[in-house]
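Engineer: Just passing along the structure, written as structure tokens.
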Amino acid sequence: MTIFTGPTQFFYKMQGSGNDFIVIDNRAKTISPEDMPRWAKTLCPHAFSIGADGIIFLEIDDSGQAATRWHFFNADGSRAEMCGNGSRCATLLAYMLGMAPAKHLMLTDAGTVHAQVFPEAGEVDVQLTPARDMALNFTLDLDDRTFAAHFANTGVPHAVIVTPDVKSIDVKGLGAKVRYHDHFAPAGTNANFIQVVSRGELLLRTYERGVESETYACGTGAAASVAVAHALGLCESKAKVTTSGGEVLEISVHGSDIFLRGKAQLVYKGEFCPAALGL
């Protein structure tokens, strides 16, 4: 048997607001959780493999708590508790594959997510787990500059820095310094830089932990940014967030509940030979 006659693995390539993901239907549980980090590190590098910001292994939830559950891994192989745009893509695919109805629950490491597909609009709305550990107006020393910073965990940790001109920020350089700052040790954090356009609109650029670079969008980062901006009195409880990829996410904050809505899309589906990649 050669790599050309051996078994192949089917996959789906999806994107939500510019965040791209490999999604594997793992209902048969042929891929074990122990092997998933290696699959992530092998399949996610752009230019060297399929390429994606992260990989999702989608399964039926056997516990009865939800319709589906996922295992989510960043491109570096680290497991993530939550990913807002990833959850919207997983929700859409579960609906398309008949794994779940348009409105259903999905179990994540951060908790149960309420999700709904709006097929005609091509949009998905998810209710994220409640924001926690919010901290406002602390300082971060980054090289020779001091920044006012804020923090909220919307399933994963997010630092938020408000700036008058988000386009002028060196997100990759400054974001890495925030991500690895001692204040957030040992787990680190995602770093979000926001510009308040109006009380109903924010501009957002995000450095993502696990991707280790700026991404076109980050759903949980958008949620954390609106939650923080609202707590600071800078925006209303419902705001539109324009990401660096140009897509718009709608965030609604109701007490501790946060809702994230935006477009999600199946880009293509394909198959590959695991043996050819050493899997």
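One is the number of the first residue shown, and numbering goes on along the chain from there.
Each Cβ is built from the backbone N, Cα and C atoms, and glycine gets one as well.
Any TrEMBL annotation is an automated prediction that lacks curation.
Small disclaimer: the values here were computed from a predicted structure and weren't measured.
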Engineer: Suppose a student reads TrEMBL and sees Asn19, Gly84, Asn85, Asn190, Glu208, Arg209, Gly219, Thr220 listed for substrate. Which of Asn74, Asn137 should they find annotated at that same site?
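Structural biologist: So the substrate site in TrEMBL includes Asn19, Gly84, Asn85, Asn190, Glu208, Arg209, Gly219, Thr220 plus, from the candidates Asn74, Asn137, Asn74.
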Engineer: Long-range same-chain neighbours of Asn19 (substrate binding site), Cβ under 8 Å, sequence gap at least 6?
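Structural biologist: Long-range Cβ contacts: Asp53, Gly54, Cys83, Asn85, Gly86, Cys89, Thr215, Tyr216, Ala217, Cys218, Gly219.
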Engineer: Where does Thr220 (substrate binding site) sit by DSSP, helix, strand or coil?
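Structural biologist: In the DSSP reduction, Thr220 (substrate binding site) maps to helix.
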Engineer: Could you measure the widest C-alpha to C-alpha distance across Asn19, Asn74, Gly84, Asn85, Asn190, Glu208, Arg209, Gly219, Thr220, the residues recorded as binding substrate, and give it to a whole number of angstrom?
Structural biologist: 15
Engineer: Give the number of CB atoms, excluding that of Arg209 (substrate binding site) itself, located within 10 Å of its CB.
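Structural biologist: Here the count is 25.
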Engineer: For the binding-site residues listed here (Asn190, Thr220), tell me which residue's CB has the most neighbouring CB atoms inside 10 Å.
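Structural biologist: By the 10 Å Cβ neighbour count, Thr220 comes out on top.
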Engineer: Look at each of the active-site residues, Cys83, Cys218, and point out the one with the fewest other Cβ atoms around it within 10 Å.
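Structural biologist: It is Cys83 that, of the active-site residues Cys83, Cys218, has the fewest other Cβ atoms within 10 Å.
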